[in-house]
């Protein structure tokens, strides 16, 4: 009897090991759950229903099929694992087909490899966040309810996207389990047919899908093997922007077994019309882009999103506003199409905009309130901050650090840049296994030939406990974004902190006389970086977002027009991705990506414009733009003036007070934009007059592109009825007239005030005015140069209404001598 005690103790210890290291995993398997099962399995009748009210869970068909699913779950588990080594917590049969299991990571991995298993996710305590800008912008509570909720937000509005195509099978664009879309006869676009599957690229949500590549083919740049002669997104960018503008609501964002929130477009019920004109290897050609814009307008889109623009002001025309791209968009606006365009990613430097014209809404990019941070703790007690969307190293313990360059299998392999940790086959698995792999961030990561995703894959293959990527050199302007990975990992982006890490590693590592490592004694641990922090110091203008002043010609002369127009979230935006996507090396093969750029900011405005168009179908593009601009905020969530990310003299990121050249009129406020009180309206003829007023412009060129002749008295560009005032060469006093239309339902009295920095005097007249519903009233703003500083002065005109409306326009001027 006593001889059996040690064996029993061993079994007890094994049980502790299994459950001590076990976690809860959610597993889904092939086969339809009760609510979507339409029959097909012998002996089991269909159980699918259209609503929860229709389901009778006591019926024989539902009972028998749900028991069948549970039995299949048990058969799978019993075929893989011994009884007592795991515990099934739940069988999911009605809404999803799967189960929850308490088991070891090894068992989870075995399930991932098992036939019939769709995916395995570790269950985690997470704060539920969307992607996350709909909440940040107040859409679920302030805008969607006014249109019938998220399931009606943007109903029957068509958003055209000139981009890299779309991945039509993504859940963000699915029509499964969503109310059917009504026919929309006014949209005349077509849907190309997939040559392989013979199926249409459209599904009701996606209402049009076409591609344009004639110029690319003619130039010899198009490769059908990788560029896809179809609307299929071979890049990722197009799917991402489409999902931001109009992706379905409540789509779980899952990567590496973790849910990062639920994704939603700004107008989740809007239709998507795809006009593919960008390609993964070479970008696109203006001829193809213009053809796509023209087709979109002919087809009848309501909103046009352009997360694309020229690399620099055109050199073939003297005036930026008259390039073919902007001229095509002027025609689009004439047809009643609202155009949102990315301002460009050339920031934080001035005059880097690639969106020039007043008929376009140029969108700058903001950092919202969600920030991902992480840190690493060294064995000597130092804490090194960094970024890493990863779980923590296990069991709250430290692990030895091993540098990739110290664990090469052979010194001859140094030619493969082993420090990048891109090739597991050149590193010694025996030495890496169970340790934290230390890698170096080289220029290969900047050019895209190396990726953090590949570092994580290398570390996982070698059995590492985690990885750390040290940035030893960083070029000015290098942008580091957190990348989700499946194992503990961190990037130390601060060069000085990376040097502290390397110095600690070298001082703790003993070597022989020729430099080979005898003992790895440096230790460390990586914290959990999966949970974001929410900050009130948001929004901020993102460092990469292009800045004004706007330019009127290829010699970069300042224009009398404020750009960008508005600020919207554009940093670290989660949205749909295509498995074929190559635009971001860290998200190859993934279904979602977290990407930054004004490309992400523009579709936020396109989607919000769709919501405004839904509420006010008769409004012109200029009226929609005005509503967005005059209600924008210049304060962050803490009530302080918005700040802009900038570089200091030492190339360190710093924060400075933002100006209209950073954010235009301010950060978009969708709820306020639905009810702006007053709008500054303008039409095609107004834009032609603006062109005619630009100094030194070629009037023949205007006639060629617009078929409109210029009058003898051309006026001043600042006379255009925009919701902003910009004068780049203010001499003496200049008086500007503006006209406002009351779009509210009631008469309202507005008090008008103006303020400006002291170098320029400002006066608005009349000081107050009463406006009837639908009426148009004029007011004037006089600017006088008081002193010549060689820099711009900033101010504003504010109109406060008696019924609570507040209309604000920014004023920008630089004084000059007469």
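The backbone N, Cα and C atoms fix where each Cβ goes, glycine too.
The annotation signal peptide is assigned in TrEMBL to 1-22.
Positions annotated as domain 'Inhibitor I9' by TrEMBL: 25-127.
TrEMBL lists 163 (among others) with the feature active site, charge relay system.
Summarising the annotation, TrEMBL assigns active site, charge relay system to 237 (among others).
Taken from TrEMBL, the feature active site, charge relay system applies to 599 (among others).
Annotation source TrEMBL lists domain 'Subtilisin-like protease fibronectin type-III' at 719-812.
Taking the C-alpha positions, the distance from residue 237 (active site, charge relay system) to residue 599 (active site, charge relay system) comes to 8 Å. When averaged over the domain 'Inhibitor I9' (25-127), pLDDT in the model lands at 77.
The Cβ of residue 599 (active site, charge relay system) lies under 8 Å from the Cβ of 237, 240, 241, 307, 308, 342, 345, 570, each of which sits 6+ residues away along the same chain. Secondary structure of the domain 'Subtilisin-like protease fibronectin type-III' (719-812) per DSSP (helix as H, G, I; strand as E, B; remaining residues coil): 1 helix, 62 strand, 31 coil.
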